[in-house]
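Quick look at what TrEMBL lists:
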- B:18-39: transmembrane segment (TRANSMEM)
- B:51-71: transmembrane segment (TRANSMEM)
- B:100-118: transmembrane segment (TRANSMEM)
- B:147-439: domain 'NADH:quinone oxidoreductase/Mrp antiporter transmembrane' (DOMAIN)
- B:185-207: transmembrane segment (TRANSMEM)
- B:228-246: transmembrane segment (TRANSMEM)
- B:266-285: transmembrane segment (TRANSMEM)
- B:297-317: transmembrane segment (TRANSMEM)
- B:323-344: transmembrane segment (TRANSMEM)
- B:351-373: transmembrane segment (TRANSMEM)
- B:393-420: transmembrane segment (TRANSMEM)
- B:432-456: transmembrane segment (TRANSMEM)
- B:476-498: transmembrane segment (TRANSMEM)
Amino acid sequence: MTHTLLAAEGALPAAGVAQSAWLLLALPLFGAAVLLLGGKATNKWGHLLGCATVILAFVYGLTLFLSTTSLKAADRIQELHLFSWIPVDSLSIDFGLRLDPLSLTFVLLITGVGSLIHVYSIGYMSHDTDRRKFFAYLNLFVAAMLLLVLGNGFVTLYFGWEGVGLASYLLIAFWQHKPAAATAAKKAFLMNRVGDVGLAVAIFLMWANLGTTQYTEVFAKIGTLDGGTVLAISLLLLLGACGKSGQFPLQAWLPDAMEGPTPVSALIHAATMVTAGVYLIARSNPIYDLTADGRLVVTIIGTVTLLIGCVIGCAYDDIKKVLAYSTVSQIGYMILGVGLGPVGYALGITHLLTHGFFKAGLFLGAGSVMHGMNDEVDMRQYGGLAKKMPITFATFGLGYLALIGFPFLSGFYSKDAIIEAAFGQEGWRGWVFGGAAMLGVALTAFYMTRLMLMTFFGEQRWKNLKSSDGRDYHPHESPAVMTVPMIILAVGSVFAGFLLTNGNFLANWLEPSLGELKEAGHPPLPAAAMTALSLGLMVVGVGLAWLFVGRKPVPVTKPERVSWVVRAARADLYGNKLNETLFAKPGEALTKGLVIADDKAVDGTVTGIAGALAFLSSRLRRTQTGFVRSYALTMLGGSVLVVAALLMVRFS
Amino acid sequence: MQEQFLAQAQQQVNAPDIAYGAIAPVLIVLGFACLSVLVEAFVAKERRWGLQIGVAAAAIVLAGASLAAFISSNDAAGGPTGKTGVTTLAGAVSVDKPALFLWGTLLALGVLALLLIADRTVGGDMQTEVFPLFLFALGGMMVFCAANNLLTMFIALEVLSLPLYLMCGLARKRRLISQEAAVKYFLLGAFASAFFLYGLALLYGYAGSVKLADIATAAVGTDRSDTLLFGGLGLLVVGLLFKGSVGPFHTWTPDVYQGAPTSVTAFMAACTKVAAFGGILRVLTVAFQSTQWEWRGVLWGVAIASMAIGAIFGLTQTDVKRMIAYSSVAHAGFLLVGAIAMNTDGLSSTLFYLLAYGFTTIASFGVISLVRSGSGEATDLSQWAGLAKRSPLLAGVFTFLLLALAGIPLTSGFIGKFVVFSAALRDGMAPLVVIALVFSAVAAFFYLRVVVLMYFSEPAEDGPTVSVPGAFTTVAITLGTFVTLLLGVLPGFVLNWASSGGFLS
Amino acid sequence: MTPTYYLLLSALLFSIGTIGVLVRRNAIVVFMCIELMLNAVNLTLVTFARVNGQLDGQVMAFFVMVVAAAEVVVGLAIIMSIFRTRRSASVDDSNLLKY
Amino acid sequence: MLEAFEAAAPSSGLDPYVPLVALFVLAAAFAVFSVAAAPLVGPRRYNKAKLDAYECGIEPSPQPIVGGGRMPVAYYLTAMLFILFDIEMVFLYPFAVTSDQLGFFGVVEIVLFIATVGFAYAYVWRRGGLDWN
């Protein structure tokens, strides 16, 4: 419990380089302000300013990181007090920054990946008349995200949390002339609100029970609460995490959010913002350490989500939606990881980092493909693009291999560690969570291979097609300003996993924040066997995908489906439409089921309540008749009730 | 009886001590109100408008200056936190920290409201009588917040109400609905003051005095029947809740807000609420703290009813002024949540909420007064469709203000709700806070409905024009919006001030 | 002397006034009923003053009378102005603002 | 509740008012008797003058549409002003009775009070409230 002790002792005041940490927030905020207030005057150089602020922030973050590594492990938690934000006698909220290994890790991820994506966007958005505004929103997002991870209390975190929500809303709806984009933005906004309520109530509970919301004090005092309250807080925090990170049952907004420009999908909806939930749980580790039940719920949510994401990913033909469900599923892994407690916090963060690299790379690759394909997203219209876009293919391929856990690439190290830790749980949990995570490996391999095959290999189906706006397809490689970030991310996808896990580098570095990484309990299988098993499953997934997609030409339109599993099994012998029947159909059915559940149960409840309230309202407002005498009667009735109630309370 | 008369006749009556410094702001406002009446009487018609604006502005500025002077001398007089305040006029008026805060709030909001009233380029089709009425009402509100006995409170209530009744009926353009608003407000207001007064009489019978402190003493130990106490408390509170437009005593609110001239509505919505809740806070804290376990449950119910009525009725409103009226009913419920949290946080958070709400509301009505069609203000929501395309700046400002009313972070509304709810939580009212959160979510629906309407609907063919605001209205809207933002980002200063001290009995 | 009877009488008058507000249509009569309520309160105040052996209640009754007079003036002015435009003093005719 | 009052109330004190009550009862009885008896015993002959709202010579204007007549607005205006200024006297009487004990401060206060009422009077006068037409 090293970290609890540290927390109890409180953090050290920031010194040296760390005293300028406010720059991290100020730089992107300055960029956003200049670009938004400057108006059209900044059109010419706005994108450059947008990139410059984030790159500067990255450089500063790197300096800060290096200066922190030179400190003793115990001195690595620093606090920078900025000003008293909300001081009322007993409610005093300071606005301060917490600079510790966990937040610095995120700073590097956000500004690093953020810089690359900013640069990429110069090319991607070059034809957009509103490019300046796009960069302003991106800068705003970076500032809010940094505030989220750097804040030294839950209220500051909440502030950043809402800020990234706002930026995400603005960016999803960036092309608001598309009705789908506007709807998706609204959906994201609403579903995030559900999670936010959970987070807000959790903060209220802390405030009510502990009288503080600063991390150091909350973590120091949390042990004094009874188990029920801690459980409630942990579940409410989890609800917040589910909303922001697209976890079951609040996952539906994330795929829709792909209506936004692709760099946004890469930065916000793959690498950074959606991982805020993981950050929240990891940051609150002293709370989760106290409640095994809370952690169990976290792991269950993570497991369910990772399976749902995989299964649905198998059914989509839209390249970005497949990647989006893949994100849902991978965050499921991370949530599963941090849900395991002290044996998993660091593993979840490790996977978060590697995923940040390869998923951002994959999205940028997908963006590059769309850039060359008239913004078409249907993979059935692609095919054989490898020759036309060699760099995109290479970088995308490396990201793909990293994602499915190909040996010695990033995903291999980070994902397997989580699977092993999951197997190490006691009793049935080990088998269930480990097994599910293992199954996920096969499914991931399947849908990603399907994506690769449909996009880059096979017949060049686009030759005989026109895009929906009537143009022919002329696929071409993207300009250097786009490919260079992709290459850098691809390099990261290859090496990050090894570098981070070699000698437990990341886990040791994070120890002051997350506590020591414990060894998983008693895995039922030896580690080598598990690695072999997961590799085997991966190969099976890849093989199946090749069998069902790679061998036969891919139909340009979705084929008619047979309706019975028996006929599907028979068709299997001919290898005919097997892809569709065995995987897509159940997947689709499941998807449809989930969509129906989503529409009918979740949306239904929301719209139902809204409808009921509107109906109630339209009826009740008729009671406001406009007759002054009926108003007087209402008042008299109210007065009689108030007086009668008072007398009843007194004399009963 | 006669003996008593004779007995009293022997004594020389001593004049009460008057702390002129403390009550100077009120004296200035009321004095200038009298001056304003004389201006009405003796100055030629064409020169009145400008002169009246000058008189009213001078009144507020001088009152503000004397308030600042008193606060600084008061702070200098006591220890590090300053003296708690002064009770003067034989205990009738108590100028303590909350009263000073409320006076400051009222004067600040008064400036904004005056700016809206004074702008003739958009709305100003009122007679010049509006200015003396405005000053009298403002003076009445200030006395109401500081009144330390129920009789003073009653007189102040009438001094603030009577001018407001008249101001509601001053519109010349939409005369019928304006007069209807006035007559409704007047009849219901008088009805409510009768309840207040009956409550006062019963409490007088209970405690033998109408001083709040004496009532508190009597409530601890007296042989009189508690029927008098609780009957009186109930009726008294009804009168106060009416002024604060708390449901179910809100019925006048939508009609009057809609019918009154928009600048008057702005003044009424912001300042009356401040005064009414100032009074509620003082009465509950000073006189009835010891009986809180009896009345608290009842006010829980009232708060819930108010939030529910405001949120649900507001959902389907088609007139923007009516919608803001129901929003004010919902906000009254939230305020009541803070007011019945009987601790220092409850007091300071409610004071903060009042200030924040006042600025946002006045700015909102300022915006509403700018959207006009041929027949005057276009308050029907259908006419607001697609307004963002026609006037992006106005729509942006209004969106921001609506978000503040909904309580979205980065606005004062969020901080206000946050501090009020956390104060209520600290006082163990978690269920009430949960209910309040639910209803604030429901209420957010109707604010967002307007935002969606402005941004995502096609503008109507014969839609309203957005008139170019005069300098006064521009200043009022800018100030209101700026304060809404400022308090959302840096609420520290105001929160500090609001929590600087409690009531003096 | 039994103050209870006076209190009951004043409560009765107050109730009559209240009911009058609810059932009468003519604005002036509604208004007179409100005045009746105020005067009922005056009776209560004076009774309590006697019970308590003080003069305060009677002084308060003076204040109430003055306030009531001011209310009369404001009320009549408003009712008269609406009567001039509408040619009707019925409160039920003022019914443009609703729902 | 009742006991408390009984205890607190002085036992005597109503005696001076008994004749007053008797007078009140007599007056009421006479009024009721007159109104009740008139239709029973009097002849029923109506003419225009008898149906007028007031029989003292002033023509109600405008002419009543149904039922009781309507007075010109000037009546109401004057009546309102009368009430207002009349009622203010309520403060002058107590002052007059106790002016000795109140001393100079009381004089200042009452002058301020009269001045305030005077402002209102000035307004009414300048705005033509006192002109009959």
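Using the three backbone atoms N, Cα and C, a Cβ is placed for every residue, glycine included.
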Does the structure show the transmembrane segment (B:297-317) and the transmembrane segment (B:228-246) touching, where I'm treating 3 or more Cβ pairs under 8 angstroms (sequence separation 6 or more) as a contact?
yes
Do the transmembrane segment (B:351-373) and the transmembrane segment (B:185-207) share at least 3 Cβ pairs under 8 Å, sequence separation 6 or more?
no
Before we move on, state whether the transmembrane segment (B:476-498) and the transmembrane segment (B:100-118) share at least 3 Cβ pairs under 8 Å, counting only pairs 6 or more apart in sequence.
yes
Same chain, outside the transmembrane segment (B:323-344) by at least 6, Cβ under 8 Å from its Cβ: which residues?
244-247, 250, 253-254, 256-258, 269, 273, 277, 280-281, 284-285, 289, 292, 296, 299-300, 302-311, 313-314, 317, 350, 353-354, 357, 361, 364-365, 368, 381, 405, 417, 419-421, 423-424, 426-427, 429, 432-433, 436, 439-440, 443, 446-447, 450, 499, 502
Pairs 6 or more apart in sequence, C-beta under 8 angstroms, 3 or more of them: is that satisfied by the transmembrane segment (B:393-420) and the transmembrane segment (B:266-285)?
no
Is it true that the transmembrane segment (B:100-118) and the transmembrane segment (B:266-285) have 3 or more Cβ pairs under 8 Å, skipping pairs fewer than 6 apart in sequence?
yes
